[in-house]
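First the structure, then my questions, so here it is.
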Amino acid sequence: MTELQFESRFRGFILLLTFFIYTCYHMSRKPISVVKSRLHQNCSELIHPINDTHSLNDTTWCSWAPFDQNNYKELLGAVDNAFLVAYAIGMFISGIFGERLPLRYYLSAGMLLSGLFTALFGLGYFWNIHMLWYFVLIQIFNGLAQTTGWPSVVTCVGNWFGKGKRGLIMGVWNSHTSVGNILGSLIAGVWVNGQWGLSFVVPGIITAAMGVITFLFLIEYPEDVDCTPPQHHGGPEEKEDNPEDPGNGPYSSRESSLDTATRCSKEPSTQPAAISFLGALRIPGVIEFSLCLLFAKLVSYTFLYWLPLYIFNVAHFGAKEAGDLSTLFDVGGIIGGIVAGLISDYTNGRATICCIMLILAAPMMFLYNHFGQNGITSSIVMLIVCGALVNGPYALITTAVSADLGTHKSLKGNAKALSTVTAIIRRHRVHRCGSGASAGRAHLPHRLEQRLLHAHLC
């Protein structure tokens, strides 16, 4: 086997492993949207079970307390917000810890905790828990645990893949978000009409099991297995940059930069320091793309948490059928992410692609609201189109754009910035999705670390 084939197999393995990792993260988030239709429903058409103590005029006897009250929408919204607010707050903390801890350990622990809290939510059914604070508290802890995910996998992929064809590769890879939503809906739908607690327990177990696999097989850096690291930037202009010239960027004065060490020394040098939060904000494009993603994810997560219940109430489908139909939005998201990545690679206009798709998405939301429920065909078509236009920019920003900004030439090779940049961008989604880590190789034995660094410098 040639060296090129050896490296290609490792890169393919990392791409596949990180795909499954984040698929599990999103799979564990989806069941709540499917189960909402069971937590509160109209029971007037159902037959009272034997020995039931509810009155015959009670139309909510089959609902799950405390969501059987008239303010059930506010209570369900409180459960959602508990997760999302914790996620947004935890993103700051997670990005900081993620850059300073071994990525493999950090991500594995996050998946185990996320699986645990997802399962605990479902165990509330079997333990007959009817206290709102229990479900809110579980969602808070789950939101914090889920922040370990996204920048971790983006950082790992960024470590293995260069800038060429990054939009297409990450457009395909980022379909894990939609695949996770689809799997979460389908798995939850199996038990939603019966023991709905299993709709959470099963995804929780799968997520925890994936955490164990991550701990055993994740490889953070190509250098860890003697593979050549990718080139994030190239060209004569960058090669002629003087790292000691303060005019070349805010980080150019760091003589411990790996680029400096590669050109000027064959002795082991220190790794680049983790970038500060304010330093990451100064990277051109970080704030702009963060705000762009804020509005895209505002729509995307409204669909994620409320679309099955909307279809259940408006189109009058059953709970399982509504959950299955809602997956079409994520099918469109897969198509939109791939198309956006492919076009952006050929045009090199990631911002333009995001702008056009979001402008088209706005009127499509109104059309779906007015005409989407006129028939099953129109509903299917419009859900797919809406998913493509909304999740296409989301996929592009959270993958290729994040990796581009995290390896911006102003950073002078400081790859540790990738986790912080990704965390900032993901955090600005108004209380939405994951976080993680670029940890360096501090977990390696000292002698192996010296050998790998020496081989890289020579």
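A Cβ is built for glycine as well, from the same backbone N, Cα and C atoms used for every other residue.
The following feature annotations were taken from TrEMBL:
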type: COMPBIAS; residues: 250-267; note: compositional bias 'Polar residues'
type: DOMAIN; residues: 17-458; note: domain 'Major facilitator superfamily (MFS) profile'
type: REGION; residues: 229-267; note: region 'Disordered'
type: TRANSMEM; residues: 12-28; note: transmembrane segment
type: TRANSMEM; residues: 75-98; note: transmembrane segment
type: TRANSMEM; residues: 105-127; note: transmembrane segment
type: TRANSMEM; residues: 133-161; note: transmembrane segment
type: TRANSMEM; residues: 173-192; note: transmembrane segment
type: TRANSMEM; residues: 198-219; note: transmembrane segment
type: TRANSMEM; residues: 286-307; note: transmembrane segment
type: TRANSMEM; residues: 327-344; note: transmembrane segment
type: TRANSMEM; residues: 351-368; note: transmembrane segment
type: TRANSMEM; residues: 380-403; note: transmembrane segment
Tell me whether the transmembrane segment (286-307) sits in contact with the transmembrane segment (351-368), defined here as at least 3 Cβ pairs under 8 Å among residues 6 or more apart in sequence.
yes
Under 8 Å, at least 3 Cβ pairs, sequence separation 6 or more: does that hold for the transmembrane segment (75-98) versus the transmembrane segment (133-161)?
yes
Determine which recorded stretch among 12-28, 105-127, 198-219, 327-344 has the most C-beta pairs below 8 angstroms with the transmembrane segment (173-192).
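Stretch with the highest Cβ contact count: 12-28.
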State, in range form, which of 12-28, 133-161, 198-219 has the highest count of Cβ pairs under 8 Å to the transmembrane segment (105-127).
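Most Cβ pairs under 8 Å with the transmembrane segment (105-127) come from 198-219.
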The domain 'Major facilitator superfamily (MFS) profile' (17-458): mean pLDDT?
76
